[in-house]
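Here's the structure we're looking at; comments come further down.
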Amino acid sequence: MGALLWSLLLLLQEAKGFSGDDEDPEEVIGVLQESINLSLEIPSNEEIKHIDWLFQNNIAIVKPGKKGQPAVIMAVDPRYRGRVSISESSYSLHISNLTWEDSGLYNAQVNLKTSESHITKSYHLRVYRRLSKPHITVNSNISEEGVCNISLTCSIERAGMDVTYIWLSSQDSTNTSHEGSVLSTSWRPGDKAPSYTCRVSNPVSNISSRRISVGSFCADPGYPEKPSMLCLLVKSLFLLLLLAILTVGLCLFRAQKSYETPRVRKLKRNRIKLRKKGKSGPTPV
C-alpha cells in the first residue's frame, strides 16, 4: 500500500508540474557532515492539503495534522530516512549529516485545499568541507646575476570546490596581496627578507598558514652576500683582537726565552764541573 501511494503521488507531481519554475532558486550553503535547514514560508490564510519536498525524486510528503496534532510524514526517500525532519510550525525541511550527494536543486511544493494551484519554492544547496590548515612548499634557485628566485606553493588536503588562495606579505609597513596557489618572487640576500602568509577560504571556512620568511631559503655559503656595516665592524674588531693576542703572546715567549737562556747555560757549566770532579777520583792520603 505504501509503495502504491508513493508511485501515485510521484505521478501526480509530474503531471502537475511546478508553478514558479522561472524564479531563481534560493542559494543555500551547507557543511559536510553537518546540518542545514530549508526554510518555508506559507501564507497564514491558506489551507494546506499536503507539502511535497523533492530532490530528484520525492524526499518526503507531509500532511498537516488536525488541530493540536503533529504533521504526518506520509513517505520518505530511503536515502534520507533518519536524516530529515519537518518543522511543526513552518513545515521547513531539516537535513542532518550532509553528504556530497545532497548537493543540488530542491523544491518545496505546497498543495492548497482551496484550489488546484500550488505554491512552489526552489533551493540550490551546495555542500562544502571545512578547510584544514594550509601547507607551504618552497623552491628556490640563485641566478647568475646574484638574485634568489623563489616559488611558493600553497596546498591543503582535500580542498574541494571553490577554494580561493591569497598570499599576504608585510613589507616596508605595507600589506600586499596576490591571488593564486603559487607565488613567484625574487630577493637579493643582504636586502630585507620578505615574509609571506597563505590564506585559503571557501564559502564555509577561512584559515591561514604560518608565516614564512624567504631569507633562510637563500642562505647559500657561496652566495656573494652584501655585508652590512655592523658586520664589517664586528669582523674588524675581531681581527684586531686576534692580532693583539698573538703579539702579546709572541713578546711573552721571547722574554721568557731570553730570561731562561743564561740560567740554562749556568746549569750546563755546573754539570760539566761535577763530571770532571767525578772522573779525577778521591785524593790519596
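Glycine is no exception: its Cβ is also placed from the backbone N, Cα and C atoms.
A disulfide bond in Swiss-Prot ties C198 to one cysteine from C154, C218, C231, and that cysteine is C154.
Secondary structure from DSSP puts N97 (N-linked glycosylation site) in coil. Cα to Cα, N149 (N-linked glycosylation site) and N206 (N-linked glycosylation site) are separated by 29 Å. Reported as a whole number, the C-alpha separation between N37 (N-linked glycosylation site) and N206 (N-linked glycosylation site) equals 22 Å. The two recorded residues, N206 (N-linked glycosylation site) and N97 (N-linked glycosylation site), have Cα atoms 21 Å apart.
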